[in-house]
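For reference, TrEMBL has these:
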TRANSMEM  7-37  transmembrane segment
TRANSMEM  57-76  transmembrane segment
TRANSMEM  88-112  transmembrane segment
TRANSMEM  118-137  transmembrane segment
TRANSMEM  149-167  transmembrane segment
TRANSMEM  239-258  transmembrane segment
TRANSMEM  278-299  transmembrane segment
TRANSMEM  320-335  transmembrane segment
TRANSMEM  341-361  transmembrane segment
TRANSMEM  382-402  transmembrane segment
TRANSMEM  422-442  transmembrane segment
TRANSMEM  454-474  transmembrane segment
Amino acid sequence: AVLVESLLVFAVVLSVHAVVWDRFSWCALALALQAFYVQFKWDRLLQQGGAVFQFRGAANSGLLPASMVMPLLGVVMKERCRAAGIVYFERFGVVVASTGMLLALFLSVLAVGITKPVPTNTCILTGIAGSVIIYTMKHSLTVSEVIEVLEVLLIFVYLSMILLYLLPRCFTPGEALLVLGGVSFVLNQLIKRSLNVIEGRGDPIDFFLLVAVVGVVLLGLIFTVLFTFMDSGTWISSMFFHMMTAVLGLGVIMPWLYRLIQRNPLFWLLQFLFQTQTRLYLLVYWTFLAASACGVVFYQNAKRSSESKKHQASTITRKYFHFIVVATYVPGLIYDRQLLYVAAVLCLAVFIFLEYIRYFRIKPFGQTLRHLLSLFLDERDSGPLILTHIYLLLGMSLPVWLFPRSCAPKGTLPGAGALVPYSGVLAVGVGDTIASVFGSTMGEIKWPGTKKTFEGTMTAIFAQIIAVALILIFDSSVNLNSSYAWILASVSLVSLLEAYTTQIDNLLLPLYLQIMLMA
């Protein structure tokens, strides 16, 4: 299974660089080759319990698929913005690619360093890959960009040491690279932009995303440190939690956002949300869907009898939420993507805040949330945090957040790139959902080395093709320009990756589909 997963990742890398070939292509190929070898060292460390931190079990390290996400994303973003003539974001794509390569290389060096005996061949391969990457960065980056990349690496190192120690069994090494690497990059961007504020420059919704992500992460770090010295389940601790949240929100996060957007954040948000009648209709519709999702949670818990406390929700039951999320995102993508962008940021902040309340057992809702959500746990929620619903939201939202709006004439990319904002809907909302439902109910032929079925994968590919046809009918801004073969190949590769990967597919699949469509 690991070999097939690696072959699929190599197929994506080669497909992207067959279209976009430049000096970073050699770096990406060298990085992929050394990550392929190093991930087996990580797998051995995980099996023997010598991986320094406690990582999520029942999964391989996932180093290769995770290592290629940021570099490939940066390369295709650079190429799109170069074609549009936007130099600033072309350089931003170069920084993203370089940062991704350096973070992945650091994780590889860490694995090689703690493996006993030292693997000589892997060390040589890692050294060659590192030399190629550093040489290319030396001739591609300015001094300020090199400093920026090193800043992200430094933040990543410290953030990894803190969070992987405080949250055992929540991530695989690959998932830690994706999540913590992304948070580190966002934090560095926020610091950089806060120090170089130019009035009227920058989109407020981008600043809103940066401040929200950094704000909730800092909130969690502060309370994790505080609650190591006091019991978080008492009423006094709960009151302290709510008061400190209000103080940090109103005293730190709001002024920070005010400095960036140069206006009152609350007034800006209210004005933005109720700016048009279409937005009002969408908000009412999304409120109804949110109530429906809560209704599913309460109904499933009501069905759980006292005699079956170990009863867990079925796969089909969990996929109800995927259908609800698709019904949420598709109208937003068609009618108002900016509103969807901001609403997804707000929803992410609420999800993470509720997870803090559940994790710390904050009164009065902490214990209730623990009871309600325990029904929907699966084998990937082996750590103290429940992250699958947050990963689902991220998987659907990242293609919207990472869409290069400034490099897209008329708000959309040409060809298959027009489907980039729909990557989450196609890969997770349609593909993963249909594969799980049909595979678990009618699948008989299993892919070698996995529990996934051939019928589930084929049905997922077919369903995504139908979804693309429906998008063409209902979204007039999408014009594929006869790039149907590339779309079919992209969907097929990502669906096969879903069958073989043991990583969090809600997070990984949309990013790979976005990379393929942007290429």
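From the backbone N, Cα and C atoms, a Cβ is placed for every residue, glycine too.
Not measured: the values here are computed from a predicted model.
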Check your understanding: Same chain, outside the transmembrane segment (278-299) by at least 6, Cβ under 8 Å from its Cβ: which residues?
Key -> 317, 320-321, 324, 327-328, 331-332, 335-336, 339, 343, 372-373, 375-376
Study note, to complete from the structure: Ranked by Cβ pairs within a distance under 8 Å of the transmembrane segment (57-76), the first of 7-37, 149-167, 422-442 is 7-37
**Study point:** Top partner of the transmembrane segment (88-112) among 7-37, 118-137, 149-167, 422-442, 454-474 - counted as Cβ pairs under 8 Å
**Key:** 118-137
Point to revise | When counting Cβ pairs under 8 Å to the transmembrane segment (118-137), the leader among 7-37, 149-167, 454-474 | key: 7-37
Exercise for review: Could you tell me what the rest of the chain brings near the transmembrane segment (422-442), counting residues at least six beyond its ends with Cβ under 8 Å?
Suggested key: 315-316, 319, 322-323, 325-326, 329-330, 333, 392, 395-400, 452-453, 455-457, 459-461, 463-464, 467-468, 471, 491, 494-495, 498-499, 505-506, 509-514, 517
